[in-house]
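S.K.: Not my notes, these are from TrEMBL:
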{"type": "ACT_SITE", "residues": "84", "note": "active site, nucleophile"}
{"type": "ACT_SITE", "residues": "177", "note": "active site"}
{"type": "ACT_SITE", "residues": "179", "note": "active site"}
{"type": "DOMAIN", "residues": "203-395", "note": "domain 'GMPS ATP-PPase'"}
{"type": "BINDING", "residues": "230, 231, 232, 233, 234, 235, 236", "note": "ATP binding site"}
Ligand code: XMP
């Protein structure tokens with residue numbers, strides 16, 4: 001999408017580099033994050049950015065061999081904004097001084113304008129309340145001597161050079177993190193920088209849609225494309241965008257592994273085949289999957305069994321599509337960014353996630369990934385742009401292995417059936433009470449215990465279930481949703497009355513961490 005005005009973010013490994021990209025996208029500015037190791041003068045010329053942001057990072061510029069920006073960057077006449085480590089890199093490379101340690105400052109701090117400084121340019125509109133600005137700090141080192149040409153615009157008790165600028169070169173460098181929410185005016189500061197650098201905000205979904213369609217047509221030509229459809233937002237938007245670009249050259253494959261929610265398979269088929277008129281192979285392979293899973297209780301074995309079968313089955317149907325050369329996938333930007341990792345070794349596998357990673361190589365297919373540049377909420381926006389109903393776009397995430405991982409202990413057909421019914425009642429309750437959109441994800445897990453109850457005059461000995469509902473921004477951390485006792489009581493009564501096989505309902509109040517969202 002090179003036609004857009006582009007901002008280059010050089011990533012020095014901060015935990016929040018992605019948030020810089022989020023803020024920019026919110027301001028309709030296209031950006032690319034590149035790890036500092038991969039950025040050379042040639043790379044910068046190739047990307048041809050209108051401006052550059054240097055991210056924060058965990059290293060210390062005082063350490064020998066610590067990360068730097070290419071020195072040539074500072075001679076290219078581009079506006080540059082350095083954040084935290086990015087500021088220190090600028091000072092160090094441009095002739096100032098940074099001192100290590102003893103100046104740590106984490107969390108909220110207040111910046112006040114430096115004496116006698118006129119607040120104009122990119123600082124216009126800041127410090128308006130009581131003459132000070134709340135910012136978020138997270139640093140160990142600090143600048144102790146400015147590089148030639150820079151002046152101090154704002155200071156904080158622990159960072160005398162909290163905001164610095166060399167207006168003549170449009171170089172700005174701040175000690176705090178303007179990209180995080182705890183710097184309330186951070187976005188305004190970034191916006192001022194962008195406008196001054198000449199960004200007009202040309203990154204809109206309508207423009208993206210047009211260009212994506214053009215790019216897909218160029219890439220695919222007259223060849224056939226296969227797209228795996230899960231019913232989730234990413235694969236659905238991918239399919240609809242491709243359909244718009246290449247129509248009949250697209251065939252979608254939807255594998256029903258028998259672990260979907262109530263009526264879900266029918267809904268997906270109706271939506272794509274009937275509403276959008278997309279060529280769709282709907283494969284009911286539930287017997288195969290459930291047959292392989294029956295009696296399995298180990299969570300990782302469940303996940304691996306499903307993942308392997310899925311690839312086999314998908315391949316079988318894809319082979320039937322004559323002349324297919326491409327596989328379309330709903331890969332998103334966060335999966336693509338090669339963020340700088342300072343942690344060293346591979347991180348611990350908490351759960352092996354279900355995906356079709358190995359599929360393209362195995363089948364000799366080339367990839368079409370039209371969402372590679374988008375974040376999740378941008379995908380939703382694109383979905384709206386493409387006419388997907390809000391009710392569909394706003395759906396809670398649903399994991400690839402489906403109900404298998406909401407059925408701790410042995411999987412049986414009976415338990416899956418009970419789970420489906422209980423889940424449907426629970427979600428109905430949440431919708432009726434108008435809570436669906438406030439919750440990131442909600443579901444029922446059927447527990448591998450039977451408990452004694454009394455209904456009517458008889459004894460029951462049925463399953464217990466757990467309700468789960470969490471709030472989250474990205475699924476990485478989560479908190480349980482604070483339902484009222486009335487809601488929980490009413491829901492428990494409905495589930496026990498309406499779902500044969502359950503006689504006890506519990507509510508899971510574990511946050512993530514230490515829990516995970518799913519039970520397995
Ligand atoms: P956990 O349970 O790890 O889940 O806290 C975080 C989010 O990821 C979803 N999830 C999956 N999604 N394939 C997926 O596509 C998987 O194997 C998978 N496992 C968990 C989960 O539903 C939650 O939204």
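Note that Cβ sites are derived from N, Cα and C of the backbone, with glycine treated the same way.
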S.K.: Please report how many Å separate the Cα atom of residue 236 (ATP binding site) from that of the residue listed as 'active site, nucleophile', as a whole number.
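M.R.: Rounded to the nearest whole number, the Cα-Cα distance is 39 Å.
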S.K.: Relative to the Cβ of residue 84 (active site, nucleophile), which residues of the same chain, six or more apart in sequence, are found under 8 Å away?
M.R.: 14, 55, 56, 57, 138, 139, 174, 175, 176, 177
S.K.: Which residues, sitting 6 or more apart from residue 234 (ATP binding site) on the same chain, put a CB under 8 Å from its CB?
M.R.: 330, 332, 371, 376, 379
S.K.: Over the span of the domain 'GMPS ATP-PPase' (203-395), how high is the average pLDDT in this prediction?
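M.R.: So the average pLDDT across the domain 'GMPS ATP-PPase' (203-395) works out to 88.
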S.K.: Using an 8 Å cut-off from the Cβ centroid of 230, 231, 232, 233, 234, 235, 236, can you name the remaining same-chain residues around the ATP site, in sequence order?
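M.R.: The surrounding set, listed in chain order, is 229, 237, 238, 330.
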S.K.: Within 10 Å of its Cβ, which one of these binding-site residues (230, 235, 236) has the largest number of other Cβ atoms?
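M.R.: Checking each of 230, 235, 236, the winner is 236.
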S.K.: At the Cα level, what's the spacing in Å between residue 232 (ATP binding site) and residue 179 (active site), rounded?
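M.R.: Between the Cα atoms of residue 232 (ATP binding site) and residue 179 (active site), the distance comes to 30 Å.
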S.K.: When neighbour density is defined as the number of other C-beta atoms within 10 angstroms of a residue's C-beta, which of the recorded positions 179, 232 has the lowest density?
M.R.: 232
S.K.: What is the separation, in Å, between the Cα atoms of residue 233 (ATP binding site) and residue 179 (active site)?
M.R.: 27
S.K.: In whole Å, how far is residue 179 (active site) from residue 235 (ATP binding site) when you measure between their Cα atoms?
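M.R.: Approximately 30 Å lies between the Cα of residue 235 (ATP binding site) and that of residue 179 (active site).
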S.K.: What is the separation, in Å, between the Cα atoms of residue 230 (ATP binding site) and residue 179 (active site)?
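M.R.: Each residue's Cα considered, residue 230 (ATP binding site) and residue 179 (active site) end up 34 Å apart.
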S.K.: Taking just the CA atoms, what is the gap between residue 179 (active site) and residue 231 (ATP binding site) in Å?
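M.R.: About 33 Å separates the two Cα atoms.
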S.K.: Only counting partners 6 or more residues apart, tell me which same-chain residues put their Cβ under 8 Å from the Cβ of residue 231 (ATP binding site).
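M.R.: Result: 254, 260, 264, 267, 268, 398.
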